[in-house]
Every structure is written in structure tokens, then in C-alpha cells.
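What Swiss-Prot records for this protein:
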{"type": "DOMAIN", "residues": "146-355", "note": "domain 'ATP-grasp'"}
{"type": "BINDING", "residues": "179-234", "note": "ATP binding site"}
{"type": "BINDING", "residues": "D308, E322", "note": "Mg(2+) 1 binding site"}
{"type": "BINDING", "residues": "E322, N324", "note": "Mg(2+) 2 binding site"}
Amino acid sequence: MADKIRVVVLYGGRSGEHEVSLKSAASVFRHLDRTRFEVIPVSIDKTGRWQWNDLRSLDQAHAAALPILPDAPEMRLARGPDGRGVLVPITQGAAAPIAIDVVFPVIHGPLCEDGTVQGLLELADVAYVGSGVLASAVSMDKDVAKRLAEFAGIPVAPYRVLTRKAFVQDRVSSLAKAVEGLSLPVFVKPCNMGSSVGIHKVKTQDALEAALDDAFRYDVKVLVQQGIDAREIEVAVLEDETLFASLASELNPNAHHEFYSYEAKYLDPDGARVDLPARLDAAQMERVRSLATRVFAALECSGFARVDFFLDRKTGEFCFNEINTLPGFTSISMYPKMMEASGVPYGELLSRLVDLALDRHRQRQSLERGYAS
């Protein structure tokens with residue numbers, strides 16, 4: 001019998017989405033195929049420490065969030081003498097070194113899905129699930145992602161960008177620039193956050209300054225986007241021989257939530273109604289699935305991503321909102337739900353993502369790293 005593939009489920013992270021990651025990781029941990037994979041839970045706590053968590057006694061069936069054990073040994077990532085990735089305890093003797101085959105990052109937000117962890121794994125020559133450094137970085141930045149999408153001919157909603165430096169230097173001028181050419185309401189968003197952290201719907205000029213102050217708590221660059229009377233449509237994309245786009249879903253925030261906020265997503269069990277598949281005609285469904293794969297390709301993504309769009313109620317046109325290269329995998333997350341509705345069950349999806357990561361790593365290892373004339 002072949003040895004099992006050793007999969008590190010990496011969770012936690014130094015970001016505002018730390019708690020979301022714990023929930024996603026519990027679901028991934030529970031659904032990875034134990035006949036093929038040996039699962040190794042490694043957390044990143046809020047101070048940035050990497051720790052191996054012995055969760056063999058965890059009740060997988062009922063764990064809503066993967067814990068970070070207080071006495072878990074701190075580890076560092078290294079390359080073993082055979083070139084294989086290995087986790088080594090910081091304190092000698094605290095744990096045995098753990099050889100690994102692939103890392104499944106189940107982490108969200110800055111210092112997690114923005115290319116930083118991916119760069120570390122590249123340097124360690126370790127296979128990992130999801131997009132590489134470039135795609136992770138540009139996809140995380142809502143401004144850069146929109147610019148690349150526009151360059152590829154994909155419509156986006158009008159928006160403006162402010163930096164914290166400019167805002168601090170001249171608040172009056174920045175407040176005017178923030179809505180120049182836009183009409184209220186607008187949405188204020190940190191450029192490099194997800195899960196709707198730090199997002200505000202601004203309906204009056206008087207509310208703009210406080211919204212910007214809050215958004216700048218999470219990022220040095222903030223996006224101010226035109227509010228549109230639109231439906232929120234999502235598509236899951238999976239890399240295979242060709243790019244596969246799922247059936248689209250539609251998010252309908254309940255009346256007491258003005259938009260799909262962090263509270264609506266994670267704290268309110270009745271925060272939104274989801275239509276899966278979305279109530280689109282055949283032409284609209286084909287159009288949005290095609291746009292999703294075009295965005296995925298334009299940003300040079302790998303593995304998987306969730307692509308979000310607005311469907312303008314007045315014009316009937318789709319416009320790109322944002323892309324998530326490490327989408328949530330909680331019990332209510334739409335990426336696995338859309339894939340399941342499109343014929344790819346959760347467990348099979350995870351296995352395919354691991355296989356894609358290993359294949360991509362083998363391809364990169366086959367490249368020449370030196371040059372002799």
C-alpha cells in the first residue's frame with residue numbers, strides 16, 4: 001500500500017479573518033479523505049507563531065472551529081536533507097520533525113492569502129493548494145484586480161482609491177476626491193481585506209469620514225466604489241484540464257442587513273437567503289460563468305477561486321466585483337456549495353485541489369533553475 005500523502009492544513013493567521021479561518025479549517029479537516037491523506041493541523045496564531053496541534057482526540061463531527069492548543073509546540077518550516085518540506089520544532093525535543101508533502105492554506109486576509117505565505121512556501125519548495133505569489137497578491141488587492149480585469153475587457157463598477165498617507169495629510173481634499181464622479185450611496189472598502197471586514201455603505205456625505213477612518217484601520221489603501229442597484233452573483237472556478245465554472249449562486253441579504261456584511265455572513269444565521277442556482281436565464285448563466293473564467297485567467301490564478309459579480313438591475317449587465325483565491329470553506333461557504341451543486345462533492349473537491357497542487361509543484365520542479373552558455 002502506498003504511503004499516504006501528508007497534507008498540512010494551515011489555519012489561523014495574523015489577519016482580521018482569523019476566526020473565519022478556524023471555521024473553514026474545521027470543515028476541511030473533517031472532509032479530507034483519510035484513506036489517501038494524513039492530515040497535519042498547523043496553526044498560525046495572532047502573533048504569527050506556527051504551531052503543530054495534535055488534534056487526534058478532536059471530535060471532528062462536531063467541531064465548529066479548529067482550535068489552537070495553548071501548549072502546542074512552535075514549529076518552523078524548512079527543507080529536509082532529501083529536499084522534502086519538513087516542520088521542525090523551535091525548541092529541540094518539543095516534538096519530532098514532521099515531513100510534509102503539500103500545504104492546504106485555509107487562511108484568509110492579509111499576510112495569509114496575499115502572496116506572503118505562498119512566497120514562503122515557494123522558498124521552502126513545498127507544494128501548496130491554490131494560486132501562486134503573483135495571482136494571490138493581485139487578487140487580494142481590490143484596486144489592482146479591477147484594473148487587470150478592465151484591461152482584459154471585463155466591466156467593473158466605477159470607483160476611486162485613497163491612500164492613508166494622503167488622507168492623513170489632507171482630509172478635506174481626500175473626502176472630496178473619494179466621491180469625485182460618483183453619486184451616493186457608495187461602498188467604502190479596505191483594498192486588502194475579505195469577509196466584508198471594514199466595509200461600510202455610505203449614504204450621506206457626513207458619514208463618509210467615519211467610514212474611511214474605520215476602513216483605514218485595516219489597510220493603507222481604501223477603495224470607494226459606486227453603489228449600484230444590483231443583484232450579487234457568485235461563481236466558483238476550478239482549474240482542471242480546462243477551467244470549470246460552477247452554476248452561479250445569488251446572495252439576498254435579509255432586510256435588516258443593507259448589504260452582505262461580516263455580521264450577515266458569519267454572526268446572523270438568517271443573514272441572507274441564497275439562491276443556488278441563481279435565478280438567471282440561460283444566456284445570463286452562460287455569460288457570468290464565462291466572465292468568471294476570464295477573470296480567473298486574466299489574474300493568472302491557479303487551483304480555485306470564487307469570483308463575485310454585480311448584475312445591474314437597470315442595464316442587465318454584469319460587472320466584476322472581486323475575486324477570492326482562498327474562499328471560505330465553512331459550513332455555509334458558497335464555494336464548496338456551488339461546486340457540489342455542479343457535480344463536484346466536497347470530499348472529491350478537496351482531493352482534486354491537493355492533486356492539482358502536487359501536479360503544479362512537479363511542473364515547477366521540472367524547470368531549469370540555472371543557465372550555462
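Placed from the backbone N, Cα and C atoms, the Cβ positions cover glycine too.
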Taking the Cβ of V179 (ATP binding site) as the centre, how many other Cβ atoms fall within a 10 Å radius? 16
For M193, A207, I228, listed as binding-site residues, tell me which one has the smallest number of other Cβ atoms within 10 Å. A207
Looking only at V186, D214, K221, which of these binding-site residues has the biggest number of Cβ atoms within 10 Å around its Cβ? V186
Filtered by Cβ under 8 Å and at least 6 apart in sequence, the residues in the chain of H200 (ATP binding site) near it are F187, V188, A207, A211, D214, A215
Whole-number Å distance separating the Cα atoms of K221 (ATP binding site) and E322 (Mg(2+) 1 binding site) is 16
Suppose we draw a 10 Å sphere around the Cβ of D308 (Mg(2+) 1 binding site). How many other Cβ atoms does it contain, all chains included? 19
Cβ neighbours of N324 (Mg(2+) 2 binding site) where a neighbour is any other Cβ within 10 Å: 22
Between V179 (ATP binding site) and D308 (Mg(2+) 1 binding site), the C-alpha gap once rounded to whole angstrom: 23
